[in-house]
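> The structure is given below, and queries will be raised subsequently.
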Amino acid sequence: MPGRKFADGEVVRGRWPGSSLYYEVEILSHDSTSQLYTVKYKDGTELELKESDIKPLKSFKQRKSGSTSSSPSRRRSSRSRSRSRSRSPGRAPKGSRRSVSASYQADAKEKEMRREILQVKLTPLVLKPFANSVSVYNGEPEHMEKSATPPKNKQERVILSTEDSYIATQYSLRPRREEVKPKHRVRGTNLVTRGPVPLGTFQVTTPQRRDLEFGGVPGALLIMLGLPACVFLLLLQCAQKDPGLLQFPPPLPALRELWEARVCGVYLLWFFLQALFSLLPVGKVVEGTPLVDGRRLKYRLNGLYAFILTSAAVGTAVFWDIELYYLYTHFLQFALAAIVFSVVLSVYLYARSLKVPRDELSPASSGNAVYDFFIGRELNPRIGAFDLKFFCELRPGLIGWVVINLVMLLAEMKVQERSAPSLAMTLVNSFQLLYVVDALWFEEALLTTMDIIHDGFGFMLAFGDLVWVPFTYSLQAFYLVNHPQDLSWPLTSVIIALKLCGYVIFRCANSQKNAFRKNPTDPKLAHLKTIPTSTWKSLLVSGWWGFVRHPNYLGDLIMALAWSLPCGFNHILPYFYVIYFTALLIHREARDEHQCRRKYGLAWEKYCQRVPYRIFPYIY
């Protein structure tokens, strides 16, 4: 591996990305892996530069002292002065005159260079001053906001999605003579398109994160070991007659009882059947958010079609008396098969990520093998047109959740010898079915979430999508099989009203966000106010997003409480989902907060002042 050329603390000249201008910088550090230098400009800007973009100071001094050439106009011979003429005795010698002229021209050139430097306006991650710059989003600014600079293109005024954490460092440049031209990579595929790059901006590849989340490497190890144990603990506890906290769960069955080839075969059949459904040429094709290099990946949205085909297949199985009760009696075995499959998939994902270019890695990756195996190294792993992460996010786990709930409903009727499912089981199935259908109907919204645009695809998402979602989110239905609950109609009415309230908040907030992102000039949204940012995006500060910073999280939690209440109040186990989901969303909100503060700077501070509550009004 080549050694470094410049030492830490050395003062050199660094080329500003996208231009031919060099500025005085200080070497802060050197990454031996990426061969990039972290440098600091005089205005405090820190960037990572290649060694070829850094020059020692002496090279510039030599050029300055040795530059004695005249301007192009003076280098040309004038026809009127082509013949030699006599020199007056009072004139200085020719060589002295030439040196004075060269010195004068060098000084003039240096002044011109200084003027050129002064005309470059650096605004890295720092907002242009928006004095009270809260404006009506497609109307005239208020009287105190006249100084705010509006975006050049109205279509760029899209809503901030706090899940949308695509990190692009943008600088606003005004060179006099040089136009910054974005560079595009050439790819021979029709699955990728490039979005237009606004004039006056360019993107700098975001370096890999050094501040590790989830407790770093120790936290990642603890989570990877603890999650499978937690799944088995919950399922064993829920199957007991008394699932109280003071009751220890029965011991885990022997491995030879847990591992069944037939169960593994059924699970693999399920996974590949969903993969086949996702490859069907039905549903519209949309583009994702821009990647670091400007590309946009294409996604086929046919999740709802896959759900309909799955429902038809399950209905056919019920019609032909195929024993779905087998899933209930082998629930632990199916959980183990899913765990093993998620681990194998994670190993494959990590192995393939070692061969991909650096610009295809996740911004969350760190360079540590353990942490990257957990968080995921590759951002968008694909096999041809098949996007592994996008597929696993909704299809096998989310649709599998509905199938498991249906099996638990049939199991309740068989175990409790009912002719019809209980009211509590019906509410749980109906509420969660609505939640899944909503996610599949608005599948396009997934493309702007943190999971898709920021986190890589590793153990965290693979285990969460394939194991955690179907086997722990169905805990309420699993609980009701052996712990029946009788609900009164007044209580049922309250639960239904709570569910509808949560769903209205959840859906209206997400719909408002998506509508603003797609068409900021929609007259239906003319009443909304925004805070402009230096990235040409705007932060909604009214409507649902002026109520709390994450109204969709609030609605999500209300719905989670609503589908846990039918399980009664005898045990806390059915409320595990509410407790876990509250902790998850608070943690995710903190991640959103950190990234939005880095991306939007002072505009985010202003937004937080206008909307002080994060999720729960007047509480948090």
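Cβ atoms here come from the backbone N, Cα and C positions, even for glycine.
Per Swiss-Prot, the features are:
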DOMAIN    1-62  domain 'Tudor'
REGION    52-111  region 'Disordered'
MOD_RES   Lys55  N6-acetyllysine
MOD_RES   Ser59  phosphoserine
MOD_RES   Ser67  phosphoserine
MOD_RES   Ser71  phosphoserine
COMPBIAS  73-88  compositional bias 'Basic residues'
MOD_RES   Ser86  phosphoserine
MOD_RES   Ser88  phosphoserine
CARBOHYD  Ser96  O-linked glycosylation site
MOD_RES   Ser99  phosphoserine
MOD_RES   Thr123  phosphothreonine
MOD_RES   Ser133  phosphoserine
MOD_RES   Thr205  phosphothreonine
MOD_RES   Lys599  N6-acetyllysine
MOD_RES   Lys606  N6-acetyllysine
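How buried are these features, and what lies next to them?
Restricting the average to the domain 'Tudor' (1-62) gives a pLDDT of 80.
The Cβ of Lys55 (N6-acetyllysine) lies under 8 Å from the Cβ of Val12, Arg13, Gly14, Arg15, Tyr22, each of which sits 6+ residues away along the same chain. DSSP assigns Lys55 (N6-acetyllysine) to a strand.
The number of other CB atoms found within 10 A of the CB of Ser59 (phosphoserine), across every protein chain shown, is 12.
Taken residue by residue with DSSP, Lys599 (N6-acetyllysine) is part of a helix.
Its own atom aside, the Cβ of Lys606 (N6-acetyllysine) has 20 Cβ atoms within 10 angstroms in the protein chains shown. In the three-state DSSP classification, Lys606 (N6-acetyllysine) falls within a helix.
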> Measuring Cα to Cα, how many angstrom lie between Lys599 (N6-acetyllysine) and Lys606 (N6-acetyllysine)?
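Roughly 13 Å, rounded to the nearest whole number.
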> Applying a 10 Å Cβ distance cut-off over all chains shown, what neighbour count does Lys599 (N6-acetyllysine) have?
22
> What does the DSSP secondary structure composition of the domain 'Tudor' (1-62) look like, as residue counts for helix, strand and coil?
9 helix, 28 strand, 25 coil
